Amino acid sequence: MSAAAAARKRGRSASGAGAGAGAGKRRRKADSAGEKGKSKGGGKMNEEISSDSESESLAPRRTEEEEEEELEETAQEKKLRLAKLYLEQLRQQEEEKAEAQAFEEDQVAGRLKEDVLEQRGRLQKSVAKEIQAPAPADIQVLRGHQLSITCVVITPDDSAIFSAAKDCTIIKWSVESRRKLHVIPRAKKGVEGQPPGHGSHILCMAISSDGKYLASGDRSKLIFIWEAQSCRHLYTFTGHRDAVSGLAFRRGTHQLYSTSHDRSVKVWNVAENSYVETLFGHQDAVAALDALSRECCVTAGGRDGTVRVWKIPEESQLVFYGHQGSIDSIQLINEEHMVSGADDGSVALWGLSKKRPLALQREAHGLQGEPGLEQPFWVSSVAALLNTDLVATGSHSSRVRLWQCGEGFRRLDPLCDIPLVGFINSLKFSTSGDFLVAGVGQEHRLGRWWRIKEARNSVCIIPLRRAPRPPTAGS
């Protein structure tokens with residue numbers, strides 16, 4: 001073989017080896033690339049598998065970020081949002097204000113309606129059905145008088161009670177503490193330098209609607225005027241010719257009406273310490289008197305069997321008949337209606353437009369005496385809660401009886417009995433209607449026909465609790 005051929009042979013073999021090496025190199029690169037691809041592929045799978053769990057933790061973060069992005073607002077948008085919020089608040093305030101105004105207008109309209117009905121004498125609030133009979137242990141007994149209580153009055157603010165008795169004394173009691181605040185003692189005859197006071201049985205009292213003046217009348221034909229706050233004596237009115245049996249102030253004024261066993265009615269001006277006029281008409285001793293806001297008064301004529309309404313400016317009177325016995329007590333319910341009691345045991349409701357009773361309850365407190373000789377218990381006192389349907393009556397039947405006036409005052413239904421032993425000589429409701437005060441004695445206020453020894457001469461405060469009203473539908 002020549003040298004040139006050998007050289008070409010070596011060149012081919014070298015190139016073949018280089019080619020094989022190149023191919024092997026390319027295969028290694030491809031394998032490594034494949035492995036890298038596999039490893040990358042496996043890495044992607046691992047990443048995808050791990051991303052399933054990581055996505056759960058990343059998802060809330062993305063939501064919060066999105067919320068933050070949503071909450072981000074421009075200054076203009078913020079101004080718009082605050083303006084809308086302010087307008088909404090203004091709208092709510094105006095609605096609340098309108099509701100409050102409408103409620104206030106309803107209240108004012110209701111009050112005006114009540115005032116109109118009260119002036120016309122047609123106001124009748126229904127409270128009687130809510131009254132619950134008190135337990136005997138709840139009755140407060142105030143003792144201080146030596147003889148029978150004849151009359152009681154309550155101050156307009158319900159803070160104090162004045163009581164008078166046959167022992168010629170007047171006691172001022174505190175409603176809250178149940179203690180004596182002041183005592184006006186009896187005036188002894190023939191003793192000089194003693195403080196002013198009554199020297200005979202006190203039969204009646206009245207207090208002005210502003211609580212400034214207290215008036216008291218006795219069997220000695222005298223009317224004493226006191227300063228109610230301090231119990232200081234101010235004036236003494238004389239003019240009646242017999243025992244003073246009834247007193248009443250006209251509401252809202254210091255005009256005083258008085259009546260007497262001399263059958264007259266007198267008018268006084270307490271503020272000016274002056275006498276005004278005298279009216280006549282009754283045929284027998286007048287037993288009781290009452291008045292409200294109008295310039296008129298009503299009287300119970302005792303044994304002449306009449307109830308009279310006195311129109312002071314016209315100097316005229318209306319005469320009413322209905323009881324068969326002596327009419328001993330009377331009380332105005334409102335400006336147009338009144339209640340009276342008599343010794344024939346009857347209680348009557350009256351309207352000023354009719355001369356006969358609208359309702360008449362006979363034997364209101366039952367009968368007394370042996371079989372075949374029964375007589376009705378005398379009705380010695382009556383009281384009415386102003387402008388309502390609640391009435392109370394007293395006798396010596398060992399109980400005070402509460403009544404409900406029917407619609408239009410044309411019926412009188414018994415509510416409950418309150419046990420109280422003795423003559424119930426006086427009854428008064430508090431202004432609020434929360435309690436009833438009874439003046440109790442062993443004897444009748446006008447005489448000594450009977451004597452109940454087991455009775456106590458006392459002032460009794462009877463609480464009047466009201467039953468809760470049933471819930472209204474939807475409450």
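A Cβ is built for glycine as well, from the same backbone N, Cα and C atoms used for every other residue.
Unlike curated records, TrEMBL annotations are generated automatically.
Look at TrEMBL and you will find 1-75 tagged as region 'Disordered'.
Look at TrEMBL and you will find 65-74 tagged as compositional bias 'Acidic residues'.
Under the heading repeat 'WD', TrEMBL lists 142-183 (among others). Counting same-chain residues at least six beyond the ends of the repeat 'WD' (142-183), those with a Cβ under 8 angstroms from any Cβ of the stretch are 197-207, 209-211, 214, 216, 218, 226, 228, 230-231, 423, 425-432, 434-435, 437-445, 456-461.
Taken from TrEMBL, the feature repeat 'WD' applies to 195-236 (among others). Note on the repeat 'WD' (195-236): mean pLDDT across this stretch is 96.
Look at the repeat 'WD' (237-278): DSSP puts its residues at 0 helix, 24 strand, 18 coil. The feature repeat 'WD' is assigned by TrEMBL to 237-278 (among others).
Taken from TrEMBL, the feature repeat 'WD' applies to 279-320 (among others). Distant neighbours of the repeat 'WD' (279-320): 119, 204, 242, 245-252, 255, 257-267, 326-332, 334-335, 338, 340, 350, 352, 355-357, 386, 446; these residues of the same chain sit at least 6 beyond its ends, with a Cβ under 8 Å from one of its Cβ atoms.
The feature repeat 'WD' is assigned by TrEMBL to 320-360 (among others).
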Task = Using a Cβ cut-off of under 8 Å, list the residues of the same chain at least 6 residues beyond the repeat 'WD' (195-236) that approach it.
result = 150-157, 162, 164-166, 168-170, 172, 182, 184-189, 242-249, 251-254, 256, 258, 260, 268, 270, 273, 288-289, 445-446
Task = Tell me the residue counts in helix, strand and coil for the repeat 'WD' (320-360), as DSSP assigns them.
result = 0 helix, 21 strand, 20 coil
